[in-house]
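*Asks:* Taken from Swiss-Prot, the feature signal peptide applies to 1-23, supported by similarity to another entry. The feature disulfide bond is assigned by Swiss-Prot to Cys30-Cys80, Cys39-Cys63, Cys55-Cys76. Taken from Swiss-Prot, the feature domain 'BPTI/Kunitz inhibitor' applies to 30-80, supported by sequence analysis.
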Amino acid sequence: SSGGLLLLLGLLTLCAELIPVSSRQRHRDCDKPPDKGNCGSVRRAFYYDTRLKTCKAFPYRGCNGNGNHFKTETLCRCECLVYP
């Protein structure tokens, strides 16, 4: 929906405004491979793919795993994409 697109655009803009490019550092776990965790409930999460240099969806089982899982693609991008 157009409301969802506007929200996404707003979040991306906020992320870019809050963290100056020159001082941004990638989240320490962005280079780790995706780890689905080991609990029973499965939800959609996003991880940073270092080979493709983008955030991708994967099924996260809700606990454990590593830090390379984010609730939204926007959060993944904010934490893991660093622009030169």
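Quick reminder: no glycine exception, Cβ is built from N, Cα and C everywhere.
Because the structure is a prediction, the values reported are computed rather than measured.
Mind running through what each feature is packed against?
*Replies:* Taking Cβ-Cβ distances under 8 Å and a sequence gap of 6 or more within the same chain, the neighbours of Cys30 (disulfide bond) are Tyr48, Thr50, Asn68, Glu79, Cys80.
Annotation note: Cys39 (disulfide bond) sits in a coil segment as assigned by DSSP. Taking the Cβ of Cys39 (disulfide bond) as reference, residues of its chain lying under 8 Å away and at least six apart in sequence are, in sequence order, Arg61, Gly62, Cys63, Asn64.
Neighbour count (other Cβ atoms within 10 Å of the Cβ, all protein chains): 23 for Cys55 (disulfide bond).
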*Asks:* Report the DSSP secondary-structure composition of the domain 'BPTI/Kunitz inhibitor' (30-80) as helix, strand and coil residue counts.
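*Replies:* So the domain 'BPTI/Kunitz inhibitor' (30-80) is made up of 8 helix, 15 strand, 28 coil.
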*Asks:* Just how many other Cβ atoms lie inside 10 Å of the Cβ on Cys76 (disulfide bond)?
*Replies:* 24
*Asks:* Give the residue from the disulfide-bonded residues Cys63, Cys80 that has the most other Cβ atoms within 10 Å of its Cβ, counting over every protein chain displayed.
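*Replies:* Of the disulfide-bonded residues Cys63, Cys80, the most buried by Cβ count within 10 Å is Cys80.
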